[in-house]
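Asks: I grabbed these lines from TrEMBL:
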DOMAIN    B:32-148  domain 'Acyl-coenzyme A oxidase N-terminal'
BINDING   B:T154, B:G193  FAD binding site
DOMAIN    B:290-452  domain 'Acyl-CoA oxidase C-alpha1'
ACT_SITE  B:E437  active site, proton acceptor
DOMAIN    B:496-675  domain 'Acyl-CoA oxidase C-terminal'
Amino acid sequence: MNQDLRKERAAASFNPELLTHVLDGSPENTRRRREIENLILKDPDFQHEDLNFLTRSQRYEVAVRKSATTVEKMRKFGIADPDEIMWFKKLHLVNFVEPVGLNYSMFIPTLLNQGTTAQQEKWLLSSQRLEIIGTYAQTELGHGTHLRGLETTATYDPETQEFILNSPTVTSIKWWPGGLGKTSNYAIVLAQLITQGKCYGLHAFIVPIRELGTHKPLPGITVGDIGPKFGYDEMDNGYLKMDNYRIPRENMLMKYAQVKPDGTYVKPVSNKLTYGTMVFIRSFLVGEAARCLSKACTIAIRYSAVRHQSEIKPGEPEPQILDYQTQQYKLFPLLATAYAFQFVGAYMKETYHRINKDIGEGDLSELPELHALTAGLKAFTSWTANAAIEACRMACGGHGYSHCSGLPNIYVNFTPTCTFEGENTVMMLQTARFLMKSYDQVHSGKLVCGMVSYLNDLPSQRIQPQQVAVWPTVVDINSPDSLTEAYRLRAARLVEIAAKNLQAEVIHRKSKEVAWNLTSIDLVRASEAHCHYVVVKLFSEKIPQIQDRSVQAVLRNLCLLYSLYGICQKAGDFLQWGIMTESQVTQVNERIKELLTAIRPDAVALVDAFDFQDVTLGSVLGRYDGNVYENMFEWAKKSPLNKTEVHESYHKHLKSLQSKL
Amino acid sequence: MGSPVHRVSLGDTWSKQVHPDIQSERHMQSFDVEQLTKILDGGAQNTALRRKVESIIHSDPEFSLKDNYFMTQNERYEAACKKKFHIQMLAQRLGWSEDSRELGYAYRSLSGDLALGIHNIFLKSIRSLGSEEQIAKWAPLCNKFQIIATYAQTELGHGTYLQGLETEATYDAATQEFVVHSPTMTAIKWWPGGLGRSATHALVLAQLICSGARQGMHAFIVPIRSLQDHSPLPGITVGDIGPKMDFDHMDNGFLQLDRVRIPRENMLSRFAQVLPDGTYIKLGTAKANYLTMVVTRVDILLGEVIPMLEKACVIAIRYSVVRRQSRIRPSDPEAKVLDYQTQQQKLLPQLATAYAFHFLASSLLEFFHRSYSSTLDKDFSLLPELHALSAGAKAMVTDFCAQGAELCRRACGGHGYSKLSGLPSLVTRVAASCTYEGENTVLYLQTARFLVKIYLQAQESPGSTSQRSLPQSVAYLTAPDQTRCPAQRAADFLHPELYTTAWAHVATRLIKDSAHHLQTLMKSGADWHEAWNQTTVIHLQAAKAHCYYVTVKTFTEALEKLENEPAIQQVLKRLCDLYALHGILTNTGDFLYDGFLSGAQIDVARTAYLDLLILIRKDAILLTDAFDYTDQCLNSALGCYDGNVYERLFHWAQKTPTNTQGNPAYEKYLRPLLQSWRSRL
């Protein structure tokens, strides 16, 4: 092991193993996770070829091969629990990108949620066994977030009892679905249902797209890969154009809405249940933000402990770059953020399961808030993590630009989280809508509960509107609870301002919708402040629950750093409304520097506690053993460009350049 | 309205018509776009010449960029070699010299997608560090590509810090040779462009050791590949450093030297010499060359970095008037996404930044060129300021351009993730600029060091002499300072003097604070170096505020020169206002901190900012058209002049190799998978 890392690990103030247990939820979870990971690492059938040296088409092929072995091995190892499947796939697939993934994450769940018993009997078993591989086709070339804008049509023909599917325009071509390009032979297609001359809005249809046996597109279907992307090389995101393509009436998912053989449309009983899936996916994405940022921090911090550069004092040996204040200032707040998001992710998952139980018992009361909260937190955590991962990459200097660092790969595969499953700005505005509703509710004299209950305390509700200078502002910058309070005040203030500006625009513009658009910057700010408060709150509530004293102490420092760094970045908000004074802001800046120094000796142990296998990190710079340079050299030699000593382009181009000039 | 021929250039049969949604944006022209293009080009003659060169380049299929997104690293490198070869032939045929405007425009139209980019840096280094004989020997070889050269400085374990480099060149008086050697793993040269597969010679930076004494860094010409068959020479281990985020066209390489012997004459000897007997002689300082380096740094900003943000803006803004999504009013059709306030807030400040940087870099270059004469007279007094300006400008411009391009990419939603949008490559290209040519934090701190020094000097001798000699870019440090901003109404925030003063105030305060922090620590016993490291976070902040101030100030000065173009002046002034206010509103804490702005004033500034978004929105397409990038150069399915986004995206996707070639994965894995159960049933 590299000497620097050995020293770092020896000097840590706490046992990282105990922190790993906290992150996994229990020592038992840690044990089982490692057991599953070892099954993969020890199995000779699992080759971990370096994806960086492969072409896109090769990467796709590897991914398909891995999908095939996944099915077989999970059956063999008896892995069926959702968490265990996740642990398995995350290590096995490395990037967690899987061409048959949508079959499990969208096709089957949609069939279960929206299909009749007969439909489930027909398709469920074969899709679970991958006799058919399904995908889910919603977004179109010209339409994304706004579902009602989708143009694909499904027109019912009572004579043949079939639906006729059409992509009437270029913009209506289905675009982006994963696994659609090359892999799937079925798709659940979202289309505007037209029957008896009337459009009834979006419905889901099971559509065969490729011929069983030959895998060729069926007549009337144009299907293919949408081409190279920023990342997701392993995934064949695809397009689908349908031209008077007929499917039987029974292929419309009819658990809720129905079309009778004669073409009569039967309305669905209202269902909020689809909320559930969205909430699940978004809370999963919060966890992903935590995970990807944790990986990036692991790489950047280990490398910064191995890398020596320049001098702090002349004549002394080059210090580890982690000893530079600027490097600590770049990385430690991000490390603190990674921990914050880990706990938020765990909270979201718990809440989802809890509420899911309530829903099962018919209690939907918490769903609207949870729906609003997951939307905002998905946006807040993915935006933050996105910028933070890139900051980690930059903190590794030139070497961060090489694929051997693993950081470009983490970035390009994480960044679509900001736009998929609901574009982030749109998500923030959904949360804002809930905040405005809650504000109005308080304004009309009703109390609100849950995370927004702070709106009940707005002084303008009790005393008089507008004046805020009278707020109590005794913030103890060493107390996580007191800092939570400061964030709470900031959120309350920004929600109030957005609400008032919205109100003013409504009066001025005489159109609620136009007013909404003209206030949307304020609304997004309010949502961000709300989410920031929630993250700080969840992090600080976690601290007293930690049993080991030394682990608690180091997490407390991270929690303080996370909260104080946010105040420093958004100092204007805290100053403008008198939540903090000028001298407190100065103290915050000083305290941050002290915390950097305090965290420095534990930095490597803190990333070790994330407990990533080297295979998962996919990084030469972030290796556990810290033997960075010799392995970079070995890695580079494997590059296809080094296959021959003299590159073919020498003979083709360079030689003639030399002779012709 | 006819579309200018030079813009509609992809010649797709189905795109004869300009999309009505982008057409309508060009309907009402509040200013003369063509005239703005000429201003950006620095004169009508330049515009004409640029377009002429572009039409030559684009009419030659050898220079097509259209397959770039489908190529492997290997193929990209090969294509870049091929283009380099063709452009040299073209330049020879048309008489374009190495530093000509024509060749510069040709590079611009090819987005720099050429191999051997570092060859020229070798040549420039020989000219500035070599003796007359060395220049006479090596320059012609370079010019005729008898040799292909690179510049090898950074090592596997060492970057920014020159003194830390480990490669050694030990003089052997017996044979009159230098023995160039990589003593450790970390000493392997790493990253030089063109080294991986192309170069025959490298200019190697190494520690000179002669007569047992270490004399510091010097430059040595080391032959690395055979001029006969291109194979590595004895003692040389050389290759490509492997896949990167981008720069696939460039073969960044590694070089391990195992006691390689080169003749004494291969040490560049304008400023230092080793005599045959091993005596080391210094021949003056390389200070005069410093200006060249500083100019190169800003040239890169103007020629490579800023255009990437400009292109990202062109693509994202054009796409945002064609893309329609949701409704603003239930009764209306789906709205153009650029009509959403949040979309304007994402994109328009980037557009303003691109313009601000254009004027910043142009004015810096002008200033540097004016300073040439004094350095030629061996007056180096301007150098510290020039250095601080170029370091800070490089750090800020690359930082903002990288973030801005990525913001533009994400503002295009899912389609921005497709390489066919052109945005991912812009992002990954511009991202590299943050760490090459000096890591940005290091550069900001160099600027900060200058600012602290100047500030302390001004404090020590408050007499008139020191004030008179305060360099122009920091003169504000001793100017009378306001303690409160006088603005009352939104319109007040549209006065250049008002926001320039606001930025000067914040920069001054931060510089003062950082100097005081430093002094306090030193008074309490820390030595200077320790104290410096303990205060770098605030130095960084101060340097950033200073650079922002300089940009705002330069932009307002550039506007003053546009008196004869009132319409253009008006539209650019809005961008300048937006740039200044955007900075204030994203850093409100700095302005509220000492009460310079009140909370109420921040609210008023925000109102002014929101009003500006609406005004700039109207001219957004025209402002991107004015950059005058051809469709070939943009190479984007989303950003073409005609706005036919969806047809092009569909068309391009169908042509990708994944669709035109077979699917080996089906036969190998999918079929068995699909049938595994059936066979058992």
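Using N, Cα and C of the backbone, Cβ positions are placed for all residues, glycine too.
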Asks: Mean pLDDT over the domain 'Acyl-CoA oxidase C-alpha1' (B:290-452): what is the value?
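Replies: The predicted confidence over the domain 'Acyl-CoA oxidase C-alpha1' (B:290-452), as a mean pLDDT, is 92.
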Asks: List those recorded positions among B:T154, B:G193, B:E437 whose Cβ lies under 8 Å from any Cβ of chain A, in sequence order, or write 'none' if there are none.
Replies: B:T154
Asks: Can you grab the distance from the residue listed as 'active site, proton acceptor' over to B:T154 (FAD binding site)? Cα atoms, rounded to a whole Å.
Replies: 11
Asks: How many neighbouring Cβ atoms, not counting its own, are there within 10 Å of the Cβ of B:T154 (FAD binding site)?
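Replies: Summing over all protein chains shown, B:T154 (FAD binding site) has 20 other Cβ atoms within 10 Å.
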Asks: According to DSSP, how is the domain 'Acyl-coenzyme A oxidase N-terminal' (B:32-148) divided among helix, strand and coil residues?
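Replies: Its residues divide into 84 helix, 0 strand, 33 coil.
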Asks: I'd like to know which of these recorded positions, B:G193, B:E437, is least surrounded, judged by other CB atoms within 10 A.
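Replies: So among B:G193, B:E437, the recorded positions given, the one with the fewest Cβ atoms within 10 Å is B:E437.
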